[in-house]
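Engineer: According to Swiss-Prot, the feature FAD binding site maps to 88-95, 99, 128, 159-171, 182-183, an assignment based on similarity to another entry. What Swiss-Prot records for 130-133, 159-176 is disulfide bond, and it gives sequence analysis as the kind of evidence. The domain 'ERV/ALR sulfhydryl oxidase' feature in Swiss-Prot is assigned to 83-183.
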């Protein structure tokens, strides 16, 4: 299968996962905006004949396409060859970082800390590797200013921002009453 580039007349609009393929400004598939499976499909690393995916996103009978390679990097005893993160891995990791930052934010921040948090979130929305995700978060920040007066306000604001994304992705809403247990204190059990 030939790799897709910007010269292709009709690049795929949907990947093997069923998600819409996101292309960057140059018309090339965005690596961090698509799942690994879809990116490999549109770049020709796997073929359209791979429709027999199991429910966990792996090809039936193989461990392929999970993003985890069993080979070690050349000259390494510990580092494995792993592909760059896809949109799902990037999203999970980013939300983990953002929620953890909110959970460690002071209960009573100084004016400097408030300014730094606003600046961090603003910069984050500009540099996020998935361009359409970045624009969406930037828009959310414009329409819903980050609440940085306290840890409680920031944690709830972050939870609400995450739930907005979850809704777009048709994922269940997280009960923001539990944000501290999930991201700061842990569960009582």
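Including glycine, each Cβ sits where the backbone N, Cα and C put it.
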Engineer: Which ones are near residue 159 (disulfide bond): of the binding-site residues 88, 92, 99, which have a Cα within 10 Å?
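Structural biologist: Taking 88, 92, 99 one by one, the ones whose Cα falls within 10 Å of residue 159 (disulfide bond) are 99.
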Engineer: Based on DSSP, tally up the residues of the domain 'ERV/ALR sulfhydryl oxidase' (83-183) by helix, strand and coil.
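Structural biologist: Within the domain 'ERV/ALR sulfhydryl oxidase' (83-183) the tally stands at 74 helix, 0 strand, 27 coil.
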Engineer: Using a 10 Å cut-off on Cβ-Cβ distances across all protein chains shown, tell me which of the binding-site residues (88, 92, 165, 169, 183) has the largest neighbour count.
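Structural biologist: When each Cβ's neighbours within 10 Å are tallied, 183 leads.
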Engineer: Looking at the disulfide-bonded residues 130, 133, 176, whose Cα is closest in space to that of residue 165 (FAD binding site)?
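Structural biologist: That would be 133, the closest of 130, 133, 176 to residue 165 (FAD binding site).
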Engineer: Name, in the order they occur in the sequence, the residues of the same chain whose CB lies under 8 A from the CB of residue 133 (disulfide bond) and which sit 6 or more residues away.
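Structural biologist: In sequence order, 33, 87, 90, 91 meet the Cβ cut-off.
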Engineer: Provide, as an integer number of angstrom, the distance between the C-alpha atoms of residue 183 (FAD binding site) and residue 176 (disulfide bond).
Structural biologist: 11
Engineer: What's the CA-CA gap between residue 99 (FAD binding site) and residue 176 (disulfide bond) in angstrom, rounded?
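Structural biologist: About 12 Å separate the Cα atoms of these two residues.
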Engineer: Averaged over the domain 'ERV/ALR sulfhydryl oxidase' (83-183), what pLDDT does the predicted model reach?
Structural biologist: 96
Engineer: If you measure from the Cα of residue 130 (disulfide bond), which of the binding-site residues 88, 92, 169 is the nearest?
Structural biologist: 88
Engineer: Nearest to residue 176 (disulfide bond) in three-dimensional space, by Cα, is which of the binding-site residues 88, 92, 161, 169?
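Structural biologist: Answer for the nearest of the binding-site residues: 161.
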Engineer: Please give me the CB contact count at 10 A for residue 159 (disulfide bond), counting all chains in the structure.
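Structural biologist: Around the Cβ of residue 159 (disulfide bond), 23 other Cβ atoms lie within 10 Å.
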Engineer: What's the number of neighbouring CB atoms sitting within 10 A of the CB on residue 161 (FAD binding site)?
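Structural biologist: Its Cβ has 20 other Cβ atoms within 10 Å.
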Engineer: Fewest other C-beta atoms within 10 angstroms of its own C-beta: which of the disulfide-bonded residues 130, 176 fits that?
Structural biologist: 176
